[in-house]
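A.B. asks: Annotations for this protein, taken from TrEMBL, read as follows:
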type	residues	note
DOMAIN	9-144	domain 'DUF1468'
TRANSMEM	6-26	transmembrane segment
TRANSMEM	38-59	transmembrane segment
TRANSMEM	79-108	transmembrane segment
TRANSMEM	120-139	transmembrane segment
Amino acid sequence: MKAIHLDLVIGAIMLMFSAVFYSLSVQMPSDPAVFPKLILATLMAFSAYILVNGISKTWTAKKQGVAQERVFKQVRGPIVTFVALCVYVILIDVLGFFVSSTLAAVFFMRYFGVSSYLQMLLVLIIMNSFIYMLFVWQLRISLPTGLLL
């Protein structure tokens, strides 16, 4: 497998993402669809620029004989973060907002290098207390309780 520049991969993914959602915005009523179409068209333009820039960087590195790092090594962190966020969103309905948020916060703190359990505990207490007081007490928003409660 040939090593390609990371910009080429990211530009292609962003371009596909933009194209899919732009095609979905065509189905919306015309007035509310103006802003999403504008944002997605801008994102497509920037994605195309990143894609062309990635192709250029890949060709330049190939001509100069520079060995490039494998793409997966560079995007492992964002992929793990994306998958963890998807699992978090799924767990909100199953476990409830506060339990799943606590699990997600613990995972992200451990993944990004927080090793002190005291720091993690303080962050969790402050985070959950703040969210509960603001959204449940003050704003009276009912957060998902999940199947456990």
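In case you wondered, yes, glycine gets a Cβ from its N, Cα and C as well.
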A.B. asks: In the domain 'DUF1468' (9-144), how many residues does DSSP call helix, how many strand, and how many coil?
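C.D. replies: Residue counts for the domain 'DUF1468' (9-144) by secondary structure: 110 helix, 0 strand, 26 coil.
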A.B. asks: For the transmembrane segment (79-108), give me same-chain residues lying six or more residues beyond its boundaries with a C-beta closer than 8 angstroms to one of its C-beta atoms, as numbers and ranges.
C.D. replies: 120, 123-124, 127-128, 131-132, 143-149
A.B. asks: Let me spell it out: take the transmembrane segment (6-26), skip the flanking residues so only those 6+ beyond its ends count, and list any with a Cβ under 8 Å from a Cβ in it.
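C.D. replies: Sequence-distant neighbours of the transmembrane segment (6-26): 33, 36-37, 40-41, 43-44, 46-55, 57-58, 71, 74-75.
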